[in-house]
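Read the structure below first, then the notes.
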Amino acid sequence: MTIMRKSHPLLKIVNHVFIDLPTPPNISGLWNFGSLLGMCLILQILTGLFLAMHYTSDTLTAFSSVTHICRDVNYGWLIRYMHANGASLFFICLYIHIGRGIYYGSYLYKETWNIGILLLFLTMATAFVGYVLPWGQMSFWGATVITNLLSAIPYIGQDLVEWIWGGFSVDKATLTRFFAFHFILPFIIAALAMVHLLFLHETGSNNPLGIMSDCNKIPFHPYYTTKDFLGVILLLLLFLSLVLFFPDKLGDPDNYMPANPLNTPPHIKPEWYFLFAYAILRSIPNKLGGVIALVLSILILALLPYLHTSNQRSMMFRPLSQSLFWILVSDLLLLTWIGGQPVEPPFIIIGQLASILYFLTILVLLPMAGLIENKLLKW
């Protein structure tokens, strides 16, 4: 008689994904972030669902409803801060997950990688529309500035912006549709995450050495279920420390003021996880050029499989590429800092140089390093 988990139509799927999945024996803690992203998504959907029960998507009452959640709803303050900081946790895990993919050459699984890029775009869209919902000063002006960027698109730009706004400015119609988008997008992300996993399990996981490990794979359970569970516990510990001790550390003080279309904040900036892209956008004086650079800063990831020149998959034994990878990470941290600074010297030139270095590293330096390493190894 076969075991039920191996024969039952539904349990069979779960079994193939979480129990009997053949997994490389040497994957490190950096491979935990996929499951941690799943945990973050579930956390965000659950906290978001409870917030949606008390939130009203109307310009007159949106700000008050968030205040009501924090003051009058049982543990509303906790749910609200878990949701707000959960977005930061999500992006920390997401960026580490992408960084691991670049470092160990996981982008060579093209289908999985491209679905991942689509997931990144959708997550960024979800976070952006969600940031508008509390209807504070930075919410309102952030929505105005970022949606206005679409007006740079030739010919249809202005019509497109007014179509998204549902009027001639960011108003009630905009808030209502942003709430609708913010509610539905996480479920689309969850469905795409399943497709992401489906494509990954077609090829099997990569490993730090970047070599085939079919001959010595081990079952996912109990080895990696235990390892993932440890990751979840550690991350929740850090996350709850942030939520309970420093809930407003990553937020903007301007969002504690209700949205006022007649008063512009001195420095409009998005949440910290978008600052690197915002810095790239601002580094180009031309509006359309800035928008193109902004989109390309993320879309450039899709080129990585085609820019891979090394005969080795992973960067584990490629010191030249490793150095460039850490230069790229440092550059992104620099761009994140610049994105939060006002547009004045010396920040303008630093932002422009950091933006050039970002594109130069990915498009030119990393492929060149791969070729040089091949030459040095006489491959």
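From the backbone N, Cα and C atoms, a Cβ is placed for every residue, glycine too.
According to Swiss-Prot, the transmembrane segment annotation covers 33-53, 77-98, 113-133, 178-198, 226-246, 288-308, 320-340, 347-367, on the basis of similarity to another entry. Per Swiss-Prot, the feature heme b b562 binding site maps to H83, H182; the stated evidence is similarity to another entry. Per Swiss-Prot, the feature heme b b566 binding site maps to H97, H196; the stated evidence is similarity to another entry. Marked as ubiquinone binding site by Swiss-Prot on the basis of similarity to another entry: H201.
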Neighbourhood of H97 (heme b b566 binding site) by C-beta distance under 8 A, where only residues 6 or more apart in the same chain count: F33, G34, L37
All-chain count of other Cβ atoms within 10 Å of H196 (heme b b566 binding site): 21
For H83 (heme b b562 binding site), nearby residues of its own chain (Cβ under 8 Å, 6 or more apart in sequence): Q44, T47, G48, L51
Beyond the flanks of the transmembrane segment (178-198) by 6 or more, those residues with Cβ under 8 Å of it: 17, 37-38, 41, 44-45, 48, 52, 55, 57, 112, 115-116, 118-119, 122-123, 125-126, 129-130, 132-133, 143
Greatest C-beta neighbour count within 10 angstroms, which of the binding-site residues H182, H201: H182
Per DSSP, three-state class assigned to H97 (heme b b566 binding site): helix
Stretch among 33-53, 226-246, 288-308 sharing the most Cβ pairs under 8 Å with the transmembrane segment (77-98): 33-53
